[in-house]
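Here's the structure, in structure tokens; my notes come after.
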Amino acid sequence: MSNMFEFIKIPRILLSIMAIYPTTEFSLVYRIRTIISMGTLFALVLCLSYEVALQVGNFVKLSESLYLHITIFNSFFKFVIMTYKREEFFKCIDMLETPSFVAYNDQYNSVLRQLKKFCVGIQATCFIQLNIALFCLAVYPIWESNKPLPVEFKYFNSGMFYYPFYMFEVIGEYICGYTNLSLDLLSVGFLMISATQLRKLNMKLIDMKKNVKSLPDYSEENSEKFYLDYLKECCIHYSDIEEFSKCIQDCFGIISSIQMVTGCISICNTLMLLTSLSPISPKAIALISYTTCMLAELGLYCWFGSFVSHESLEILTSCYFSSWYEYSPRVRCSLFILMERTKRPIEVKGFNLIMLSLETFISSALLQLAKLLALHFT
């Protein structure tokens, strides 16, 4: 198995625990676990849909738990979309074993290991942050005087079914949170693989002279042929990265768009609620932990999307620093063609509309601030 799979190790484990990870081989136990996980989430979605229908005319009441409604619906839709995009997902997995992705891994192992450690560290941090947020959202009602449910449901706000429904909502929130974050980290892991391959390609171009001369059958008489073959491999590698990035967009484009849009709405909602709460109240602490978790999810998409674009633009610089002036005209021409081809950076978009970049993240943050100010002063 390619070491590229290490970039998606944590989300794979989380999704496998809940039996949501797409696979071609389903055991009976795995199917039962999938039914339990998705059945719990679907039942919670139905209950919340009914509650939303009852509160349509009372937006103030609805807004008190709107962020959780959005997050739970979001998780369910992500699962449905991921199920629908199974073939695209399997294509992404198959491409991790592409020869160009595996080649030179040993030579640049230190760089790959550094990027992998960075990616896994971020994923682990997000997982810890998620557990803190889920714990706060699950237990804050206990310290409230009226002991509300995490998500209000009028028929079980009190009485003998209060505690069973409370546990049902908490379990549903955990399944929802793990599904949400795991699918986001899975797509981010694939983006990191794309950026890592671009980084490796950049280093291959810079080290072209050294790599060609280290080939076992290299000879000075046929050096031009070896350089041209090496550049051909680099062009194939770039084409594979382009195809892989397009596959990521096809598989996770809708999911990332949903996360960007619903994340902005949820953050605005929680920030508005925070303005009316004491900073040290249990609910405020729960909302702050939830907001930071949502900001992290949005930031990850945009940061890693920018990382892919940045590394693809660096190919121009890498070609320039490949000692091009020492090569024959044919080799220089091949380098020039590669440079012309890579002038347009590889961009990953959500739903072919929302560019995953730091500029998008900054714009969404400013939009959230503008909405918050508009709501606060009206």
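Here, residue 1 is simply the first one shown, and the rest follow in order.
Cβ coordinates are placed from backbone N, Cα and C, and glycine is handled just like the others.
Noted in TrEMBL for the protein shown:
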- 12-29: transmembrane segment (TRANSMEM)
- 41-60: transmembrane segment (TRANSMEM)
- 66-84: transmembrane segment (TRANSMEM)
- 118-143: transmembrane segment (TRANSMEM)
- 163-193: transmembrane segment (TRANSMEM)
- 251-272: transmembrane segment (TRANSMEM)
- 284-304: transmembrane segment (TRANSMEM)
- 351-370: transmembrane segment (TRANSMEM)
Given a Cβ distance threshold of under 8 angstroms, which distant residues of the chain, six or more beyond its ends, lie next to the transmembrane segment (163-193)?
4, 7-8, 10-12, 14-15, 17-18, 20, 37, 40-41, 43-44, 68, 71-72, 74-76, 78-79, 82, 92, 96, 115, 119, 122-123, 126-127, 130, 133-134, 137-138, 141, 149-151, 153, 156, 244, 248, 251-252, 255-256, 259, 293, 297, 300-301, 304-305, 307-308, 348, 356
Verify whether three or more Cβ pairs under 8 angstroms connect the transmembrane segment (118-143) with the transmembrane segment (284-304), leaving out any pair fewer than 6 apart in sequence.
yes
Most Cβ pairs under 8 Å with the transmembrane segment (251-272), selected from 12-29, 66-84, 118-143:
66-84
